[in-house]
There are 4 protein chains.
Amino acid sequence: MLTIADKTFRSRLFTGTGKFSRAALMEQALLESGSELVTVALKRVDVQNEQDDILTHLHHPQFHLLPNTSGVRNAKEAVFAAQLAREALETNWIKLEIHPDPKYLLPDAVETLKATEELAKLGFVVLPYIHADPVLCKRLEEVGTAAVMPLGSPIGSNKGLRTIDFLEIIIEQSKVPVVVDAGIGAPSDAAKALELGADAVLVNTAIAAAADPVAMARAFRLAVEAGRLAFEARLAPPTPNAAASSPLTAFLDQL
Amino acid sequence: MLTIADKTFRSRLFTGTGKFSRAALMEQALLESGSELVTVALKRVDVQNEQDDILTHLHHPQFHLLPNTSGVRNAKEAVFAAQLAREALETNWIKLEIHPDPKYLLPDAVETLKATEELAKLGFVVLPYIHADPVLCKRLEEVGTAAVMPLGSPIGSNKGLRTIDFLEIIIEQSKVPVVVDAGIGAPSDAAKALELGADAVLVNTAIAAAADPVAMARAFRLAVEAGRLAFEARLAPPTPNAAASSPLTAFLDQL
Amino acid sequence: MLTIADKTFRSRLFTGTGKFSRAALMEQALLESGSELVTVALKRVDVQNEQDDILTHLHHPQFHLLPNTSGVRNAKEAVFAAQLAREALETNWIKLEIHPDPKYLLPDAVETLKATEELAKLGFVVLPYIHADPVLCKRLEEVGTAAVMPLGSPIGSNKGLRTIDFLEIIIEQSKVPVVVDAGIGAPSDAAKALELGADAVLVNTAIAAAADPVAMARAFRLAVEAGRLAFEARLAPPTPNAAASSPLTAFLDQL
Amino acid sequence: MLTIADKTFRSRLFTGTGKFSRAALMEQALLESGSELVTVALKRVDVQNEQDDILTHLHHPQFHLLPNTSGVRNAKEAVFAAQLAREALETNWIKLEIHPDPKYLLPDAVETLKATEELAKLGFVVLPYIHADPVLCKRLEEVGTAAVMPLGSPIGSNKGLRTIDFLEIIIEQSKVPVVVDAGIGAPSDAAKALELGADAVLVNTAIAAAADPVAMARAFRLAVEAGRLAFEARLAPPTPNAAASSPLTAFLDQL
């Protein structure tokens, strides 16, 4: 079981709600994924409208909502967005995403640290999306982050884990859960992240943009379970060459 | 369902029996893996002794035995070993492994082609272990191979898939099932092979040498299912950059 | 020619002075490298002693000294160290390295931004060592950095370029020179960095820890030239398959 | 100095003559590359015409011609082509390329071994283009090959070295020179091959298809020199983490 702040999760697969072609398809995929933490962009929630379509589809007891601040460009906007989200969705959990550059949506380390500190003081459970930067992770810990969410590769790129060398250091050093976020393009990437010792992964585009999102959601569910199991069962390390042993050869030599 | 020659398999995870610390542990791990095709080295079977220990542990209806010729160094020895195996184990299936070099146990293309041709004529169902060589795969097809088993990396190395560029070509061109054999070191590697379109994988060392082989067997089972599902559900391709869309930004700009 | 602040460089290979077995060997290697910018740790300079050994060996007209702040843990210490360095070495150039973690020596994004801003205001030419973080690079630009020095992999690791996906974005977006620092383990890594469009590389351990540092220095010199030439001559992109054209086949078919 | 059969080479960069936009440009690029062994497809030589354009441009004392059999599909055609080439170009050197598949131009292991044996008996100096297959390399040695030319990645793909794990084994075991052929897409790839201990590389597309082939030829020349120098000067191995040493930290702590 994974614990973050006051919640425990059986599933180590966190999911996103963007880019699905239809809300009903999203709902079905998320149910199939087994996910218990579902991030939703504030931009997608009509905060004035209680009948907002997407929320209806997320109304299942197993889904905890994790509003995200996607679209904000600095700490001040992020704090404001988090407060809006808390009111609208009645949760103090917030996925902090601060990306001033609209092209690659990469996170801003300095503003993220500032916003995390402020939001933690305001009683939020903060899960910040960050570069795979081990030192930043430690500083986020110091100011009260609930978890760290280092990226595997640029958001939406499906390029997989391009930051393994740094994820390994983060996992080695972190005292809070490590959730690999962004870039995970295939179940094998998710399995790999868990094998390395990540506590969870967040997947969105790779499920939503698959030809069959529901089947892909199931594939990710299995892969995450596989990766966690493998981490616990401990993989044998790579070896330089084969351990040959061939009694048959000896037998053949005697013929 | 995967079909090779006259058999169909629900599981796309083939397993090996070497390197387990105890036969009972091997049995439990193989059962947990869901595998239906289990390779066993002739050297490990005492062909004179019907009470041979390893075979007792493989005596389950779901397990088809796939004797392998590990230890032979050329086509002649391989054909002889296959005939021994057919008599001893009452199966005409044979995993053909011809590796003259005891250090890396890499396969010999020329002798493997020769032995495959001869064994196919003798009525064997031949599954040859080979380098990830697309042209050789086509030639094996021409002489009647039942499947091709290109390597991911050197046998027992746990290095994973180091031959992806060539596996992709083999999968694209092959008319017989493609089973990735050797080098698969983690469930994520197995998932990746299936995602690429491989029909199955063969895993031995990574399960047998794990700290907990039974749990690792289960991890591989799930990973292989995940990889196949993902292949069928079709992954979205990598993209150069994020598709930004941020109504929230526009909203914040209006404040 | 590469221009940073008020200086121009013919050589795009910057070098470090640590880890050499003898100062005379260091001198010979640096001369052979063709480097015109040589970083030296304050810790290695005895600021009270004008006869300091290492400086004697760096007393060549082609060498510009780039003192670095290695060993400081925050912006305040960095500014202090930079001021010491300016006095001791009579240069306002400073390589800013702030790494609170002594195990991996990874840089602190937040403190580095703060120190860069302050040092730029104090008239320093600042070259900060940072994670390969594209957003941080833009922020450093805004506060007056003279260049950015993203890492290839952890300092001293010789692992090469593990941050290519992010270096490409940095190079695409940067208005100041991009110098790849840390982790470059072989001339091929240096060539690759230049091929990607980096303006320069900084190499230390890979030269100092080679069996023959002088020959290795020459190898890096050539590799950096090769990489830059290739960048300017523009590489053809990878292609999915061969462009076959075989009149000989047609000819043979006619026989 | 590299020796193959009866010839010694100062340059470890072998080059090809295909895909250049103009023959004069090819000539200039090859001269700039410093190459002393230049492969030319029989298909490009008009064997009936002594004034054949391409040969005129290769008429320099430093260029040894290495006719290749590109376009043949089996050993028989290859032997015939080699004999044609010997007569037309007055050299018993032959680059053996047998690729039955026109899409990827990958080599045929079995036919290549057969042709090598036959050609060696006929007095040819045979340089066969092959998959990076260590066992095949040993067998080619046994039948008298003058060198082995394992591929880095599919011909013309510019994908670089995708077979490193196998090239390392080949280099470790080979008694004849190892020339990495095919797929080298950038000078950094060439440098890397030499750093691994390859004796030479053959480059064609990456030079011919560059925006400026002459400058690119020079880049490859430098990279190959760099890679060889680095191999001889012995690279320090990768290390898991930094070797921290910071007297400055101690000093700062005392303030």
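The count begins at 1 with the first shown residue.
Backbone N, Cα and C atoms are what each Cβ position is placed from, and that goes for glycine too.
What TrEMBL says about this protein:
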DOMAIN    A:3-247  domain 'Thiazole synthase ThiG'
ACT_SITE  A:Lys95  active site, schiff-base intermediate with DXP
BINDING   A:Gly156, A:Ala182, A:Gly183, A:Asn204, A:Thr205  1-deoxy-D-xylulose 5-phosphate binding site
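Here the C-alpha separation of the residue listed as 'active site, schiff-base intermediate with DXP' and A:Gly183 (1-deoxy-D-xylulose 5-phosphate binding site) works out to 16 Å. Among the recorded positions A:Lys95, A:Gly156, A:Ala182, A:Gly183, A:Asn204, A:Thr205, the ones whose Cβ sits under 8 Å from a Cβ of chain B are, in sequence order, A:Gly156, A:Thr205. Around A:Gly183 (1-deoxy-D-xylulose 5-phosphate binding site), the same-chain residues at least 6 positions away in sequence with a Cβ under 8 Å from its Cβ are A:Leu151, A:Gly152, A:Ser153, A:Pro154, A:Ile155, A:Ser157, A:Asn158, A:Lys159, A:Gly160, A:Leu161, A:Arg162, A:Asp189. When the neighbouring Cβ atoms lying within 10 Å are counted for each of the recorded positions (A:Lys95, A:Gly156, A:Ala182), the highest count belongs to A:Ala182. Taking every pair among A:Gly156, A:Ala182, A:Gly183, A:Asn204, A:Thr205, the residues listed as contacting 1-deoxy-D-xylulose 5-phosphate, the largest Cα to Cα separation comes to 9 Å. The secondary structure of A:Ala182 (1-deoxy-D-xylulose 5-phosphate binding site), as reduced to three states from DSSP, is coil rather than helix or strand. Sequence-distant neighbours of A:Thr205 (1-deoxy-D-xylulose 5-phosphate binding site) (same chain, six or more apart, CB under 8 Å from its CB) are A:Gly16, A:Gly18, A:Lys19, A:Ile155, A:Gly156, A:Asn158, A:Gly185, listed in sequence order.
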